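In TrEMBL this protein carries:
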DOMAIN    143-551  domain 'UvrD-like helicase ATP-binding'
BINDING   G164, A165, A166, G167, S168, G169, K170, T171  ATP binding site
Amino acid sequence: MATEAAERLARQHDNPYFARIDFAEKKELAAGGDGAGAAGETSEPEVIYIGRASLVGEDGETFYIYDWRAPVSSLFYDHEPGPASYDTPGGEIAGEMTLKRQFVIRGGRLRHMFDTDETIGDDILQAVLSEKSDTAMKSIVATIQKEQNRIIRDERHRLIVVQGAAGSGKTSAALQRVAYLLYRYRDSLTAEQIVLFSPNPVFKGYISRVLPDLGEANMRQMTFRELIEARLGRRFDAEDLFAQTEDLAATEGTPEGEARARAVRYKGSEHYFETIAAYLDRLKREGVVFRQLRFKGDTIVSAEEMSRQFYVEYGEDSFGDRLAKLRRWLNGRLTAWVDDQLHEPWVEQAAELMEEEDIQRAYVNVRRQGGFHEDAFDDEDKMTELLLRQAAENAIGPLRRAVKGFRFMDAPETYRQLFVSRSLFVSCAPDGRLPEGWEWMAQRVEDKLGRKELDHEDATPLLYLMEALEGFRKVEGEVKHLFVDEAQDYSPFQAAYLRRRFPRARMTVLGDFNQAIYAQAEDSGGFGGWTRLADPADAAVWRLTTSYRSTRPIVELSKRILRPEDAEGIRPFNRDGEEPRLIPCGDRAHLADLAAADVTALLAAGHGTIGVIAKTAHEAGDASALLKERLGEDVPVTLVSGGSANLPKGVSVLPSYLSKGIEFDAVLVWDASAERYGQERHRKLLYTVSTRALHVLHIYYTGELSPYLT
Ligand SMILES: Nc1ncnc2c1ncn2[C@@H]1O[C@H](COP(=O)(O)OP(=O)(O)OP(=O)(O)O)[C@@H](O)[C@H]1O
């Protein structure tokens with residue numbers, strides 16, 4: 001506690017406050033009308049300083065500085081001088097703002113001071129946005145914009161969906177919202193109860209400093225991949241989204257590639273989610289595939305016995321009760337089997353070889369059960385029996401654990417059944433029809449599962465089926481807030497799955513349909529079915545249209561990449577910069593020569609982070625090798641891969657999909673040729689890549705330029 005307070009004070013010493021407002025509260029007409037003041041009159045203006053944390057006098061009442069999250073602070077974000085009001089838990093407070101002043105204080109010294117008429121003065125925002133970037137994201141509390149503030153402080157809706165242009169502050173708003181909620185509900189909400197889904201490990205590292213800098217603990221961060229790995233990683237060689245993307249890129253245009261792309265889209269759809277839901281319903285009556293319990297070639301309980309027990313004996317009970325009963329029954333069967341085996345030679349041998357630790361445990365058990373007193377002979381028998389029992393139990397430990405972990409149900413095989421029988425699939429599909437390409441999918445599932453491999457498009461459906469069969473025991477009921485960033489990249493299937501996995505969480509979902517770059521979400525208009533997850537009365541859809549990250553010329557160029565109707569609502573923040581450059585190159589070697597020379601010049605000009613963004617991991621590998629050859633040891637070049645967790649300063653080379661959510665002072669697009677970015681589906685990828693640039697954008701191409709840039 002004391003260290004925390006000391007750290008906070010040290011931070012405050014460096015940067016105590018960033019704003020001052022003078023606010024005169026409107027006087028209420030006192031009850032009975034005898035009038036402490038007439039309605040409409042205001043009291044003397046109070047001087048209010050706003051900073052990252054509050055500073056309170058020793059009396060515990062005098063506020064020298066208000067925390068930016070205090071109710072009164074929203075006056076600063078929402079209003080210009082003049083009539084103004086703010087919400088408090090006790091109701092609205094209205095009055096008159098007579099002064100609004102902004103400060104830039106660094107290292108305890110006042111650098112700038114502005115009085116302003118606008119909500120948040122352009123000058124300060126200009127200055128902040130013109131700074132060179134760091135490898136980690138910074139907090140934006142001193143310059144939160146009105147429309148961002150609305151998202152940060154929304155306490156009314158259970159589901160908030162934010163559609164925001166690239167660089168409009170979605171991630172920033174999400175993180176300040178986490179800080180806001182932790183402050184507002186500090187007695188009842190902990191950082192552990194907030195989960196943020198991040199697109200990849202690079203992004204995870206990139207945002208991890210914002211909350212600690214604001215004096216708050218980081219929320220839990222997860223990637224969808226981690227979720228899949230945790231449950232299915234041991235049983236399957238599970239493909240991830242990036243490998244899937246690479247495969248689709250490599251097979252593009254081939255019949256195999258087209259069939260897979262169709263399967264990927266279908267298996268991310270709501271149609272498929274409903275099909276699985278109907279299948280689950282049917283599994284209540286028949287069809288769960290059980291796995292026999294076997295020991296050294298002997299069947300202890302067969303799959304047929306389990307099925308009979310489950311569907312016939314317990315047929316009247318609910319699914320959950322039947323499972324609980326089946327588990328008890330299986331454990332009883334295992335115990336009976338152990339009883340039966342006690343005097344078999346293998347058990348005696350195993351008991352002789354038992355570890356000291358197990359013998360001690362058996363000894364303790366006998367004592368606990370009241371052994372070792374009157375009749376020593378009896379005790380010895382008891383001890384021997386216990387040792388034998390312990391030995392047999394050790395041997396069937398994996399079976400006990402399988403029963404505990406529900407592995408007596410074969411979820412993958414149950415899943416596979418759906419693709420074995422056409423009529424079964426049809427009976428579960430909501431429209432009673434087979435999806436296009438079903439045969440191809442059926443063959444693929446057969447091949448892959450047979451080899452213990454799992455396509456990414458099958459991972460969430462299998463996870464859903466498995467968890468639903470187990471009664472969603474991994475449900476995270478204690479999570480109160482779920483944030484999903486880059487939400488356009490989730491399939492409607494994944495959105496529906498997350499809703500079930502975090503059943504009580506309020507959701508804040510942020511995305512940009514113009515950056516939907518994965519095939520799995522292509523058919524959903526880029527918004528993954530999120531908006532349908534809550535009752536419309538409990539949901540809000542907010543839009544962020546101003547793009548703060550990039551200079552005006554960069555935003556203008558990137559808007560031209562999009563279809564006019566998609567670009568319509570995007571507004572650049574008015575910050576000047578050099579025109580983006582389109583640079584023709586003879587071949588890759590020439591491209592590398594030019595890019596290497598530009599990297600050197602950009603570093604010399606003081607740009608601290610340079611992102612060389614190629615389309616695929618393979619091309620990023622090539623680009624990195626070519627640049628390293630040319631730049632030598634003096635300029636370190638880092639190749640960023642799917643597993644990387646940190647973005648270094650200097651030059652990073654990365655595939656397009658790993659650049660999601662992050663930004664660089666300068667972006668060098670590696671080969672935006674028509675060959676690489678020629679199809680409609682590449683339009684959004686090119687947009688995503690170009691909008692990573694803060695100040696400088698160079699686009700190199702060999703051969704013909706992508707049609708989206710001409
Ligand atoms: N109100 C603000 N004040 C200062 N900087 C801001 C503000 N809003 C956004 N920014 C800056 O703009 C950049 C983009 O913000 P952010 O990454 O949150 O946007 P995004 O909408 O999540 O972008 P994308 O969808 O492209 O990943 C960041 O550098 C952020 O600090």
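Note that the numbers count up from 1, one per residue, in the order the chain is shown.
Even glycines carry a Cβ here, placed using N, Cα and C.
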Can you tell me which of G164, A165, A166, G169, K170, our binding-site residues, come within under 6 Å of ligand 1 at the Cβ? G164, A166, G169, K170
Going by DSSP, is G164 (ATP binding site) part of a helix, a strand, or coil? strand
Segment-level pLDDT (mean, integer) for the domain 'UvrD-like helicase ATP-binding' (143-551): 89
Same-chain neighbours of the ATP site, Cβ within 8 Å of the mean position of the Cβ atoms of G164, A165, A166, G167, S168, G169, K170, T171 and not counting those residues, run in sequence order as S172, D512, L544, S547, Y548, R549
Please compare the binding-site residues A165, A166 by how many other CB atoms fall within 10 Å of each one's CB, and tell me which has the fewest. A166
Which residues in the same chain, at least 6 apart in sequence, have a Cβ under 8 Å from the Cβ of K170 (ATP binding site)? V162, G164, D485, L510, G511, D512, L544
Counting across all protein chains present, how many other Cβ atoms fall within 10 Å of the Cβ of T171 (ATP binding site)? 23
Give the helix, strand or coil assignment DSSP yields for G169 (ATP binding site). coil
